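**Student:** Below is one structure. I have some questions about it.
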Amino acid sequence: EEAVFLRKKITLVRAFSLLFGSMVGSGIFISPKGVLKNSGSVGFSLVVWFACGVLSMFGALCYAELGTRITKSGGHYIYILETLGPLPSFLFLWAEFFAIRPANSAVVSLAFGRYMLEPFFAPCAAPVPAVKLVSLLGYYMVLTLNSWSVTWSARLQTALSIIKLLALALIIVPGMMLLAQGHTENFQHAFDRQSLVLDKLPLAFYAGMFAYSGWFQTSFVREELVRPERNIPLAVIVSVIMVIVGYMLTNVSYYTVLGTQDILASPAVAVSFVQRAFKSLISVVPLLVALSCFGTMNGGIFTFSSKALMTVFHLHNAQFPLVTAMVCIGDIYHLMNFFSFSRWLFIGLATLGLIIHRHHHPELRSPFKVPLFVPVSFTIICLFTVAMSFYSDPVSISIGCTMVLSGFPVYYLIIHRQMSSRCHSLFYYLTHKLQLLLEVVQQEIKTY
C-alpha cells in the first residue's frame, strides 16, 4: 500500500563516476581530426575543445534543472513533450530512431574497425572495404551480446571503462614527457588567422561536442540522487572540468608529437601518435582504442535499450539495417555532421523549453535552479550552430534536415489523425452522457 519510488542510493561520488564515464569514450579518438580540420590551426582547435567543454557544462546544468522540474521518465522526449508539445517531441523520436541513433552507432563502429585494422597495415592505411566489414562485425557482436545477456553486457562495460582510461593515460603521459623535454616546435604560429575559416566552425563544434556527449545523463538519475540540489551541480561541474582537463592534455599530447599535416593526413590519430612516439606500443594503444570504441557501442545499445520499454533484440533488429547501410555508404565525419544537426537542434529545443516552462510556471519551486543566462546562452549557441552548419556542409546537413522534416507527414497522417479520432469519440461519448443527464433532469422537473 506504500508509494513506489526509487531509493536514493547515488551519492556524489557515484554521480561523478556516472557522468565522467558517460562522457569519456571513443570521441576523443575520433574527433581531434575533425576539430583541427574545421578550426584551421592548433591554437583555434584547442579553443574549440575548451569552448565545447564549457558548453557541455551549461547543457548539463540545464538538463539537471529540467530533471528536477519535470519528474516523469523519458529524458529528451518528455522534456520536449511537456514544454513544447506533441509535434516537436514526435519529431525528436523520429529523428532519434532513423537518424541520430543509427548514425552515431555507425560512426563509432567505423572508428572501431579503423583502429582494429590499422596496426596490421601500418604504415599504409587499411583498405576501406576491410574497415567497413570489421566495423559491421563489431556492431553485430555488440548487438548479439546485448540480446543474449544484459548481465554480461553490464560486466563488459565496466571492464571496458577501465580500458579507455588506460588508453588515454598511454597517450597523455608520453606526450607530456616529450613536451617537458622541450618539443614545442608544433606549437609555433598556433593561432594562424589565415587558416581560420569561419563558416567551418560549426562542424568543428559538432566534432568537439560529439566527444563530450554523455553529459545529459545527469537528468536520468535525478530521482535516485542523494541531496540532488547539492550533488547535481557539484557532480556536473567537477566531472566536466575533469573531462576538459583530460581532453586538453590529450590534444596537447597529439600536437606535441604530430604536426598539423600529420593529423589531417592520418586515418587514425592514435595510431600515428604511437608510430611517431613509441614504436614499442604500436600494437597496444590501437587495440585499447578499438576496445574503447567497442565499449561505447555496447554502452549506447545498453542504455538506449534500458530506457525503452521493449526488448533489446526487437529494438535494434529494426535499426541494424540502417546502421549497416550507413556504415557501407558513409564515412565518419559526414555521418557525424548528418546526425549532429538533429541532435543539437532538439537539445537546443529542450533547453528552450526550460525557459518557456519557467515563464509559464513561476510558482513551481525546483530544488535546483541555474541562472537564466545559462539556458539562454546555451540555447542561442545550439540553434545558431545548427543554422550556420547549412553553410558548412550543405549536403550532409540538408539530408539530416530532410530526415527531420519527413516526420511531419507521418505525424499528421497517423498520430494527429488518431488523436483527432479519439477526441471525436470522446466528444460523442460526453455529448451522449450529457443528453441522457438532461433528459433525466427534464423528467424530474416534470415530475416535481
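Keep in mind that glycine also has a Cβ here, set from the backbone N, Cα and C atoms.
Feature list, courtesy of TrEMBL:
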- 12-30: transmembrane segment (TRANSMEM)
- 42-64: transmembrane segment (TRANSMEM)
- 76-100: transmembrane segment (TRANSMEM)
- 120-142: transmembrane segment (TRANSMEM)
- 162-183: transmembrane segment (TRANSMEM)
- 203-221: transmembrane segment (TRANSMEM)
- 233-257: transmembrane segment (TRANSMEM)
- 277-297: transmembrane segment (TRANSMEM)
- 341-358: transmembrane segment (TRANSMEM)
- 370-391: transmembrane segment (TRANSMEM)
- 397-415: transmembrane segment (TRANSMEM)
**Student:** Any chance the transmembrane segment (162-183) and the transmembrane segment (12-30) have 3 or more Cβ pairs under 8 A, given the pairs are 6 or more apart in sequence?
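**Tutor:** By the criterion, they touch.
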**Student:** Using a Cβ cut-off under 8 Å, which residues of the same chain at least 6 positions beyond either end of the transmembrane segment (341-358) come close to it?
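**Tutor:** Here the qualifying positions are 59, 62-63, 65-66, 69-70, 76, 79-80, 82-84, 88, 91-92, 95-96, 99-100, 206, 209, 213, 216, 364, 372, 375-376, 378-379, 382-383, 385-386, 389, 396-397, 400-401, 403-404.
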**Student:** Given the transmembrane segment (233-257), which of the listed stretches 12-30, 76-100, 120-142, 370-391 has the most Cβ pairs that are under 8 Å apart from it?
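**Tutor:** Highest pair count goes to 12-30.
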**Student:** Under 8 angstroms, Cβ to Cβ: which one of 120-142, 370-391, 397-415 has the largest number of such pairs with the transmembrane segment (76-100)?
**Tutor:** 397-415
